[in-house]
Amino acid sequence: MTDLLSIQRLTKAYPGVVANDDVSFDIAPGEIHALLGENGAGKSTLVKMIYGLVKPDSGKMELFGKPYAPARPSAARTAGVAMVFQHFSLFEALNVAENVGLGMETPPPMRELAREIREVSHAYGLPLDPRRLVGDLSAGERQRVEIIRCLLQDPKLLIMDEPTSVLTPQEVEILFATLNKLKAEGTSILYISHKLEEIRALCDRATILRRGKVVGACNPRESSAAELAEMMVGEALHTPDRAPGERGEVVLQVAGLTSQHVEAFGTRLQNIGFEVHAGEVLGIGGVAGNGQDELLSALSGETLGPRETVRLRGKPVGNLGPNARRALGMLAAPEERLGHAAAPDMSLTENAVLSGWQREDLTRNGFVLWGKSRGFAETIIQSFDVRTPGPGVAARALSGGNLQKFVIGREILQRPDVLVVNQPTWGVDAAAAAAIRQALLDLAAGGAAVIVISQDLEELMKVADRFAALNAGHLSAPRPTQGLTMEQIGLMLGGAHDMDVAHTDEAHHIKESYEEGRQ
Amino acid sequence: MIRLEKRPTPSRFWTWSTPVLAVLLTMIAGGLMFAALGKNPFIAIKTIFYDPILGEFAFYYRGQLLVKAGPLILIAVGLAMGFRAGIWNIGAEGQYIIGAICGAAVGLAFYPAESWIIFPLMIVAGALGGLLWAMIPAILKVRFKTNEILVSLLLVYVAEQLLAAMALGPLRNPEASGFPGSRNLQQYPSAANTEIIPGTGMHWGVAAALIAVVFAYVLLSRHLTGFHIRLAGQSPRAARFGGVNPTALVVFCMGVSGALAGMAGMFEVSGPAGQISIDFNSGYGFTAIIVAFLGRLHPIGILMAGLLMALTYIGGEAAQATMQIPAAAIQAFQGMLLFFLLGLDVLSNYRFRLPREGVA
Amino acid sequence: MDLSSINWVLLLASLMVAATPILLAGIGELVVERAGVLNLGVEGMMITGAISGFAIAINTGSVTLGFIAAAAAGALLSLLFGFLTQYLLSNQVATGLALTLFGLGLSSLMGQGYVGIKGLSVPDIHLPILSDIPVLGPILFRHDAMVYVSILIVAGVWAFLKFTRGGLILRAVGESHDAAHALGYKVVRIRLMAIAFGGACAGLGGAYLSLVRVPQWTEGMTAGAGWIALALVVFASWKPWRVLIGAYLFGGLTVLQLNLQAAGMKIPVEYLAMSPYIITILVLVVMSSRGGRAALNAPAELGRSFHASS
């Protein structure tokens, strides 16, 4: 049997980095093929070449034995290649049917398209109402929109880029059922991920990428997670030391925290309450878009609330802005490095002043002491092994991992009593991630209260003493991480509802409206 | 196709050489425009850029240079502060007019009394007038999120009507038997904005402009407020995280730019213009926007850009007198300059790449 | 003041004429903004359209050719903006302002020989039967062709945005250029087309001033109409028919103000003349203070530069 897609010696270089170096592998018809690699291994570039978004510098591809060189995504779609994106492909202000239509070559009239969406989404256990605005959907539902968009075009090859990063464990199960059904119908799936357990559960074959090169191929069902991890990372991982933390008195109390104003398509925090002790790491998990940004803003002081909602060592600070909270020892590091935690076009020295001028005494009578500020930036660079030519470099010139080390280091070096971090290792390579986690643990060991908001459950299990989950703006009661099962975590993430979405009221509602439409 | 590629760090070389390049390109394009008008482009460019400084009648023009550059720099320094913070005060022309009206009104209220205190009071009144006029868009923005670009601009037209009403009504010279326009402040010593050094064009407004340049430079490069202004303009969310109060910043930037524009108007009405008249304003508030960008929103750059722009005004007048090149051509010329500058800006943040062969 | 001296039927009839320039410019800018681009050069494109249209009409004796020339001039000028903002990624606010400043200079340069020349007369079309309806006939159905063309353009834009695939793609580009790019749509090309359309409409709006409304050429004759057109788009929450309503409301105010001047109201003319601008500001305040719902209608990418990183 000829291969569905054969990739031969693809190479793509960007200035300063070879994203893909002589990459070759094949995808057989009706198989789920995993593309495994760390962030920055070159998976996304490879996929973009297959989907016609990027042109390879050299090498070729064959689809069904015929040369395949899509000049643009529409050519790829016509040839039978469809893709579900990790980010950036939905329009929040448009409805589901419009979003689906935009991704198709020759969409039928809207009315008919809406019918098809109901039909297909139902058939695959992913119910969707075509009239709803995408901005109002949950992350899981948004992904369904993308999947349905692909399925309506009857693809031969479906590319999925990190599909489960936004899903709860229960939603992942539904997705896997859908993918297995597709596979049974003869559709091949190229499944990109860095999550080993998923790949072992789902995929027939795996190709492993490291720094742009294929470093191995295997049957993931027959390999252990450890073997896969070693191939992916190329070295043994440095797992953080866990000095059993001495739990001190309560440092931070949050009670009745509810968003008063919500941005368009934002999430409203609903009556959030928790306590963090000195020397403790509280992990807050949850799927993206469930209120993480809003929670960080409420804790950093970027959004203000009633005085009593946030207390630091008993002192109400809910109505204080970021600088006032910093002065009291409450610091934060937001998720978005460029444009939130740091100003992209400003130098590292200036970015050190950004949040450090108060506690590090970098001003005199309102005038910035640039020499001292430069010194602070240099200290951060040294202490946290930030790879950069010097503190005069613009923040955007740093790689994600290095900038993240700088941002976290900037806050930690200010000796906070409370530190709140959001997605501290997102898009960061394994070595830097391990270093950042260790720094957070050290900080807690030194007596600070640390809150880690993350979507990465493995990470939270590694660093957190207690775990709580955010779901649609609600926070579950924190539980000790020791002894927590995946099942329990999943229920917490899902808001402790029955998460088998295909059988919820909503699914029934959609089914009914579909029945009506047919009559 | 040529591709653009973002530079990791903005190029310092291009940041400061693009204005020069833009001026050169504008000279070429402007030359073509003059040629299209049937004028000798080389003589035209020489008349505009060379003669006022080094030509036969330069002794007359040189003084004019400072007279024109003063208000441009004073206004542009204020505007640049706001532009840096992403606050778009486009209505400096209106604040300039209101500053002139308020300053002149205070002066005229004392007429014919003589006292040293009158002129300083007029300065304060002018600054306050501009400030208050700028507070309208500022407060509407912070209170109702109304777009400050549109409001500040629409207020220019309101200010122009107000100017006409003042010239015809309350501020009209009672001894001018029905002619529109106020008394001439130049003939009222206590209210006259005189030359500090006679013959140089260096009046009090020019001095104020120089002081403003120094203050803005120190504020932007050394002071925390200046740091916050730059931060807010580059990434608003990072500014919020850094504890910058957006409301205070809008009020501060609009207030400073309004006050400076108002002062510029007051110095003009009590100096070179002499009186409130229907056509008192001549577009300094708009040209200052070009000056601000041409000077890279940097106080020192603005100083140089203001002088250059003043040169095009004076050279333009000279070209009008000697070569019959219409005044409008100079206006188009200035617009072109801004275009070239904005277009060339791409060089400081991006570099051009030719793709390798065989790849589109 | 003698209010009875105002002919109210005539006032309402001239309302549509007064509104047409900003209606044309506003509907064009609406399309541009729905594509995610903020072009503040409307004033500059209008005034360039005004002189181009006037000059061509005078020289050829054809008002139609004048309008075509005005649309072409507006589109050409807007493509200059398009080139700078879409290819050279210049700041849209600054470039739009540059366009206005340049347009004002260019137009008065072009208009040197046309100051004081009387324009051509443009015949009103009396729509059969409809124009004979008492009161409504003269108000609605006895105008020049451009008044109706402008309404047709609004209807066309509405239908295009709501029902066609092209309209859907245009809105998609305005909502998320990264997503549109990921799906393979040519963001820059689509935006350039929208910008050119906006420029052509602004040119038509300007020409309507110099060819029909006034009709002659004076420097700076748009007097802020371009900025009012920009405000109109905000007022309309980016919805085509609301641009029409807004333009006619504004046209009504302008005409009323002129009539009050003529009727000899005991307020200096200048205060009446500034009223349209003040009312525009007030309307902007009301629209923006409603927050939430209105803000949702604003295209998410409005004013942001797009640079495909891959």
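If you go along the chain as it appears here, the first residue is 1 and each next one adds 1.
Glycine is no exception: its Cβ is also placed from the backbone N, Cα and C atoms.
Feature annotations, courtesy of TrEMBL:
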TRANSMEM  C:6-25  transmembrane segment
TRANSMEM  C:37-58  transmembrane segment
TRANSMEM  C:64-84  transmembrane segment
TRANSMEM  C:96-117  transmembrane segment
TRANSMEM  C:145-161  transmembrane segment
TRANSMEM  C:192-211  transmembrane segment
TRANSMEM  C:217-236  transmembrane segment
TRANSMEM  C:243-263  transmembrane segment
TRANSMEM  C:269-287  transmembrane segment
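For the transmembrane segment (C:217-236), same-chain residues at least 6 beyond its ends with a Cβ under 8 Å from one of its own Cβ atoms are 21-22, 25-26, 29-30, 33, 40-47, 50-51, 54-55, 100, 104, 107-108, 111, 114-115, 117, 119, 202, 205-206, 209-210, 242-243, 245-247, 250, 276-277, 280, 283-284, 287-288. Beyond its flanks by at least six residues, the transmembrane segment (C:96-117) meets 38-48, 50-52, 54-55, 58, 77-78, 80-81, 216-220, 226 of its own chain at Cβ-Cβ distances under 8 Å.
Highest Cβ pair count under 8 Å relative to the transmembrane segment (C:6-25), across stretches C:64-84, C:145-161, C:243-263: C:243-263. Outside the transmembrane segment (C:145-161) by six or more residues, the chain places 16-17, 20, 23-24, 27, 30-31, 34, 67, 122, 125, 167, 170-171, 201, 204, 208, 212, 240-241, 243-244 with a CB less than 8 A from a CB of the stretch.
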